[in-house]
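**Q** What TrEMBL records for this protein is below:
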DOMAIN    15-318  domain 'FAD dependent oxidoreductase'
DOMAIN    349-390  domain 'FAD dependent oxidoreductase central'
DOMAIN    394-509  domain 'GCVT N-terminal'
DOMAIN    547-707  domain 'GCVT N-terminal'
DOMAIN    728-812  domain 'Aminomethyltransferase C-terminal'
Amino acid sequence: TRRGDSGTLCVSPAGLLWQLRPSDVEVELLAHTRDVVSRDLPAETGLHTGWVENGGLFIASNKQRLDEYKRLMSLGKVYGVESHVLTPSQTKDLYPLMNIDDLYGTLYVPKDGTMDPAGTCSTLARAATARGATVIIENCPVTGIQVRTDDFGVKRVHAVETAHGTIQTPCVVNCAGVWARALGRLAGVRVPLVAMHHAYVVTERIEGIQNMPNVRDHDASVYLRLQGDALSVGGYESNPIFWEEVSEKFAFGLFDLDWDVFMQHIEGAVNRVPVLEKTGIKSTVCGPESFTADHKPLMGEAPEVRGFFLGCGFNSAGKRELRGSCIHTWIWMRRPWAHPDIAISLPSRRFHHSLTDNNRWIRERSHESYAKNYSVVFPHDEPLAGRNVRKDPLHEELLRQGCVFQERHGWERPGWFNPGGAAPVLDYDYYGAYGRQRHGDYTYNRLLGDEYTFDFPPHHDIIKKECLTCRNALALFDMSYFGKFYLVGPEATKAADWLFSADVSKAPGTGSAPRFAGEISPQNTPSTLEALFCTGTKVSPSIPGWDGYYLAIGGAVAQHNWSHITTVLQDMKFQCKLLDCSEELGMMSIQGPLSRVVLQEVLDTDLSNEAFPFSTHKITTAAGCQVRAMRLSFVGEMGWELHVPRADCVKVYRAVMEAGAQHGITNAGYRAIDSLSIEKGYRHWHADLRPDDTPLEAGLAFTCKLKSSIPFLGREAVEAQKAKGIFRRLVCFTTEEKVPMFGLEAVWRDGKVVGHIRRADFGFAIDKTIAYGYIRDPAGGPVSLDFVKSGSYELERMGVTFPARAHTKSPFDPDNKRVKGFY
Ligand SMILES: Cc1cc2nc3c(=O)[nH]c(=O)nc-3n(C[C@H](O)[C@H](O)[C@H](O)COP(=O)(O)OP(=O)(O)OC[C@H]3O[C@@H](n4cnc5c(N)ncnc54)[C@H](O)[C@@H]3O)c2cc1C
């Protein structure tokens, strides 16, 4: 809430609270926020927060939009959010002033409502002061931040200089909104956000509007919020105004509304509630707000300076997500407790440092996220903005062969291969905004658009072909976007023992099993995960007395892993370094029953089971180039990863493809990897595994060296949970009916909702839909394997349930024969 000179409230956010979002984490957080504002705070303080429970209505003008709402409805059941899909005429009964001529249907959430920002803030302040909190200094601009480098070369916050003097502190939280970039600069920290104008207008009185629900007309990109007997109208325009020169003296200021830009919202609003055409505008509210590249806030400790935390970039949702309590918890635990989605969205950790420094990237992506904020979230959509920033050594080679790229962490990685030919990603055209020319015939954009469906996508059969060729012959996956790090130094083994939950004590050249690092909290209670799919391999550095590990980590979380590992190395003062060679090495994975026969022609080493068993690696040569060959698989087949110096990648790639031609080798992308890996039961970080999951709940106890006496980060927490039992568990489901699922479907067990699906895909070898989700016992008991096996299950997709079978082992090759070379 911003206050004017007189102390009266002059600007407030619209305060809309919609509980259903296409993210389980956000649904949970919003439902929690609603409970606090509508129930807990009034109960604790005896004050009314100003909460108005007038309900929320989402408008669908087409089938895809209503399908999305039905998905939200199913997810809402998991969190107790009541919602109803209404026909146009039912909607008219509920909201008589609404135009329903172009309605396909609506989603009504009776317990949505409107927060009063001023009332919520003052009630929160009252509750906090009653519990002993004090506001020490108000109106106290920070003019400098003193950062010192400690004996280990780590930069730490030392003091804050303010207009009222210097405060010595090891901890600063940057909550400076659009000014957060400037404040970050004082400490040498990059804050990747942009400032934009964001606005709504308040209408004159409208007869008959009282008690109507708030409306979100996503297709028109507009919202209509009830404000007493009037409406406020706002939205997300396609051409938002960037605030280029962020003025220091504007904290309580407002901009003049640019009607040329805002008229698109008025047109959408008038179409939906025609009486608005004859209604005057009482006031306009246009303020500065910060936006980020992925429309999510920036939270957590910055990578550049220890003790410097971010709590900014709220993307016009700054009031909704009770960030105050979250920030407190982050500082205390150094990680978001209540918001796992943001836990892996920490500022440094979700954006690679080359991106946080790239103004073009930040600007383009923030624009696209803003303009598409109300777009349907389709499972296979990709951004058009900020592309081609990080290209791997095979990029041009694969592009010529029809590769349709996906963007992750700035990297372009292969999604799938289009038999129709090349589909390059072009420079961002801002969707024609700001007078730019829109790309006319844009193949990549057309291919994305073809997949805007919640049905099986039109490219289903192409993905199928890539998958089955891998299962029956062999496929080459370019995985060069992986992060590739060396952990080296006199205490590298000590550090690896502590960081990795798996036993890494094997001799160089023998160990390359997937490992992960456990997270630890100050109380050491939650045994949650911090990082995964870090394959750690012991290597021999040339410096006497040094040990080394080569780590390969999924590219989308490489920065997150990097930050986690360096933080632990700093905290534990281990004598070793983490070196990043991600850009210098390419990585191709050749998988399938014929991989050995083909690679034996290319690699100068014996690939037999005896000479090169599963989970080992060797330095060898391929096509005359030195490569590190690792016998590993993320798709459940016999196969090898080749880690190759950048300059040699094309040569090695061509040699493999040439040798494989007569055996039917194919290029394959990450869409195929997604399907093949779920079929085999391999976990994906961020989907099957997040920081709110534990190794035991995720079925990964085998990766924890509990049988050894070696201490590791999180060990006590894992042991404590093992002793107590687990109360949620990741379960694999298949459905008999071939129905497309993508995650967020509700899981029913014996007639009760027990969880939701985190990740789903189609498994082509078993010819079934496969879905993974965490389930709980509604009675609150432990979730044992017997509990899993004894239930009768259904998966609810868009309000329709499908009988499902729960598996306690992977439905494909449960005995792990194929990865070991036994076909
Ligand atoms: C028109 C409009 C409608 C909105 N509607 C909604 C909505 O419906 N729901 C919702 O949840 N959100 C909404 N928002 C967004 C919400 O208002 C913001 O996300 C939220 O207010 C941001 O809070 P903040 O504390 O991060 O930043 P701010 O409120 O901008 O506070 C930043 C503070 O930092 C101070 N500062 C800057 N530099 C320094 C320095 N060097 N030293 C000390 N202090 C400094 C500034 O003076 C300022 O007080 C809306 C925003 C706008 C503009």
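Numbers run from 1 along the shown chain.
Just so it is clear, glycine is given a Cβ too, placed from its N, Cα and C backbone atoms.
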**Q** What else in the chain is close to the domain 'FAD dependent oxidoreductase central' (349-390), if you only count residues 6 or more beyond its ends and a Cβ gap under 8 Å?
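**A** Those are 22, 64-65, 68, 190-194, 196, 216, 218-219, 221, 235-240, 242, 291-296, 300, 303, 315, 405-407, 409-412, 415, 425, 428-431, 433, 444-445, 448, 451-454, 457, 481, 557-560, 563-564, 583, 671, 742-743, in sequence order.
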**Q** Mind tallying the domain 'FAD dependent oxidoreductase central' (349-390) by DSSP state, helix then strand then coil?
**A** 19 helix, 1 strand, 22 coil
**Q** DSSP-wise, what's the residue breakdown of the domain 'Aminomethyltransferase C-terminal' (728-812) into helix, strand and coil?
**A** 6 helix, 46 strand, 33 coil
**Q** Quick one: DSSP breakdown of the domain 'GCVT N-terminal' (394-509) into helix, strand and coil?
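**A** Across the domain 'GCVT N-terminal' (394-509), DSSP assigns the residues as follows: 41 helix, 24 strand, 51 coil.
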**Q** Suppose you look only at the domain 'GCVT N-terminal' (547-707); what would the mean pLDDT be?
**A** 93
